[in-house]
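Below: the structure, in structure tokens.
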Amino acid sequence: MAKAHRNLIRGYAEQLRLFGTPPARFGLLAMILVFLLLPTVVQDDFWLSVLIYVGITAVGAIGLNLLTGYCGQISLGHAFFIGAGAYVTARVGGDLGLPLPVWLLAAAAVGAALGGLIGPFTLRLRGHYLAIVTLGLIFIGEHLWRNLTGLTGGNSGTSVTAGAAIGPVDFGALSIAGESYSRNQGYFWLVWGLVGVIALLAKNLVRTRPGRALQAIRDRDQAAEVIGVRAGRYKIGAFMLSSAIAAMAGALFGSYQQFVSPDEWNLLLSIQYIAIVIVGGLGTIFGSVLGAIFVGALPALIDRYSDAIPGVRTSVGGEGFISVFALNQAIFGLLIVLFLVLEPLGLAGIWLRVKNYFKAWPFSY
Amino acid sequence: MRSTPFRLAAVLAVATLATACGGAGDDGDSGGGTAGEPASTAGFDGSTIRLGVLSPLSGPIAVIGQPLTSGNKVWFDHLNAQGGVAGKYKVELVQEDTQYKPDVTVQQYNKIKGDVVAFTQVLGTAPTLAVLPQLRADRILGAPASLDALWVREDNLLPVGAPYQIQSINAMDHYLGEGGGSPGSTICTMVQDDVYGEAGQQGIDFAAEKYGFTVANTQRFKVNTENYAGQIGALAGAGCEMVFLTATPTDAGKIWGTAAQARFTPKWYAQSPSYVGALAQSPVAPYMRQYVTIVAEGTEWGDESVPGMKDMVSRVAEYAPQQQPDFYFAFGYNQARAMTAVLEQAVEAGDLSRDGVLAASRELGTVSFEGLTGDYRYGPAQDRNPPRTTTLFAVDPAKPFGLATLKYDFTSEAARSFEFRKADI
């Protein structure tokens, strides 16, 4: 008997497999290869630091996508939770000198607790109303960060001296088999390793019962309630989870940058995260990562190669009619418009269509 | 399931491979050469010294970053025309745009740190704080472009000018002595709610203790607030006779505009970054002319009696004729000068490596800025003594930069006694 086609699904369990098909398994292997080898090939501190920031953003975006993309709760308060995570790290990892697993989990716990406090509001509000309420969080947060000087250092900001060591492995000064690696190389592995772990956890969550419940609530919350989904519990839960992940992103941000100030956790940051999940693709974990790469790396790319673009002014008193920053803003804005108009599913949607094309190949329908 | 051990083996093989190839992306310093002939090192190829500039060249703070960088450039153009550092090493600037954002500053720092001997400009308090841990770890010298007192005791930083605290103490001394105020006057402050505003407020609080007055009312505001009617109303309600303001130009213009509309007419003293030349040409100029005093350093633009200003204006005419009169320009010019003093010292010691530059900054004595700002006594960070001098200006649209000297280069007793401590940052 001929072997069944690779796309044939013969059971529920098979449909739920994470890496079921040979191409997917190959993709996984390729990703692991890139993850392990990239920092040894790209030793440039600039590109590594761009990629580290992108990885940190990807963690935060996965959190927001769980809340907005899967559960349908729009939140403008993401920056608040990211800030909270950074300050927890400064105190737990820096002042108390506790190791990485402790400060990372402490940040997540505080994030979850704060999310749990905000969560009940989501029961009564949805859509734009919820967005406005979470907008309030940003301003309350800003006031707190500026005035709780003992915790946050106030306006002067605070240094974050949290170490990045798990047991004997110190990502800040990695040394494997006699070969030593720079801080940027170590942080690349740490951050992207965590992106992998969190993406996997999130993926597992959304393909199982709670994940389906979240999507039911997103699509029609009253109907979901009728069929037995306890919408209230899931909404609060989604908020707590999303905030916990956001706080972890903040923790990584703080420990990498080693300094944070209240000027960073503003509305713009929240909006940037919303742009990331929209450009990446709402309701896809992979999309959050793609969006973070796109939004994080594009400005760096333009900046790096601005010398080669005609008409761009790169220095004071230099030639050109548009600055790198203005060009960046313009391209970024244009791409958001184009994505919303032409590809509402985001980058992940493009990826999905490419995948489906090859799945059905040689048939185009 | 059969393939699991194989996959595991593959992953392990890759992991081993990863550890086998590639080490740290660190740039090694080649250390010192013989005295007089520095060996080539990161940012120095034996003939040209490259210096980093991390400045907001775009966005709202570009009005400060651009003239400041232009100031850096004009000084080094002039220096290069004389042959360069120690007469033989030309200086080249590597400019990167930070947009005034700490995380972008860290990225740009990483981008060029392997390519420069030192950073001759890092603009803004928050961006400087963001790169400070890296400056320490990489043992690089950076010159902050802000007058924050935090910088005085930092080994890796090379500040210029009298810190904001000194400006506000001197302003109070002037108000109480010659400005018609007394310790019994209703004295108020209006400060930006960030680290810059706090520096000004700290100086006022110090002066309050010294001179025995109390601050009757303090209004804080966020950068880019739309409407200042609330704050102005509160200050007017408290009956303020004098208000000390720390702001940046856009906000300061709106604040004075609101005050003028409300017919609120105290004596304003404003920290130097509150002012920009365009304000003297704006509709708010008549109000400013009557009630506002700007607290800054140096002298008015084009003042021939101050040698530093005379030289600077002639160099502007030569190397950047399109440059408008600007105080940030003078700041950048002074910064470049301090960095040149360090480089000369390092070349003399024959060591332009990062450690060599840091050592040179510790061995530096007093550097004179010829009246453009007070002389700074460098040396080891714990012994540094910043200038304590301040110049007060009245707004006068007829002057090139819209400012006329009211009281030149004075130091109050209280400012002399202000102590700079190492902050826990």
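Glycine residues also receive a Cβ, built from the backbone N, Cα and C atoms like all the rest.
Some features that TrEMBL has for this protein:
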- A:26-42: transmembrane segment (TRANSMEM)
- A:48-67: transmembrane segment (TRANSMEM)
- A:74-94: transmembrane segment (TRANSMEM)
- A:100-121: transmembrane segment (TRANSMEM)
- A:128-145: transmembrane segment (TRANSMEM)
- A:187-206: transmembrane segment (TRANSMEM)
- A:238-259: transmembrane segment (TRANSMEM)
- A:271-301: transmembrane segment (TRANSMEM)
- A:321-342: transmembrane segment (TRANSMEM)
Test of understanding: applying the rule of at least three C-beta pairs under 8 Å (pairs 6 or more apart in sequence), is the transmembrane segment (A:238-259) touching the transmembrane segment (A:187-206)?
yes
State the non-local partners of the transmembrane segment (A:128-145) in its own chain: residues 6+ outside its ends, Cβ under 8 Å from one of its Cβ atoms.
73-77, 79-80, 83-84, 87, 118, 121-122, 152, 262, 265-267, 270
Assess whether the transmembrane segment (A:48-67) lies in contact with the transmembrane segment (A:238-259), where contact requires at least three Cβ pairs under 8 Å among residues 6 or more apart in sequence.
yes
Okay, the transmembrane segment (A:74-94) and the transmembrane segment (A:238-259): do they have at least three CB pairs under 8 Å, pairs separated by 6 or more?
yes
Any chance the transmembrane segment (A:74-94) and the transmembrane segment (A:271-301) have 3 or more Cβ pairs under 8 A, given the pairs are 6 or more apart in sequence?
yes
Do at least three CB pairs under 8 A connect the transmembrane segment (A:321-342) and the transmembrane segment (A:271-301), leaving out pairs fewer than 6 apart in sequence?
yes
For the transmembrane segment (A:26-42), the distant same-chain contacts (Cβ-Cβ under 8 Å, at least six residues beyond its ends) come to 19, 48, 51, 181, 184-185, 188-189, 192-193, 196
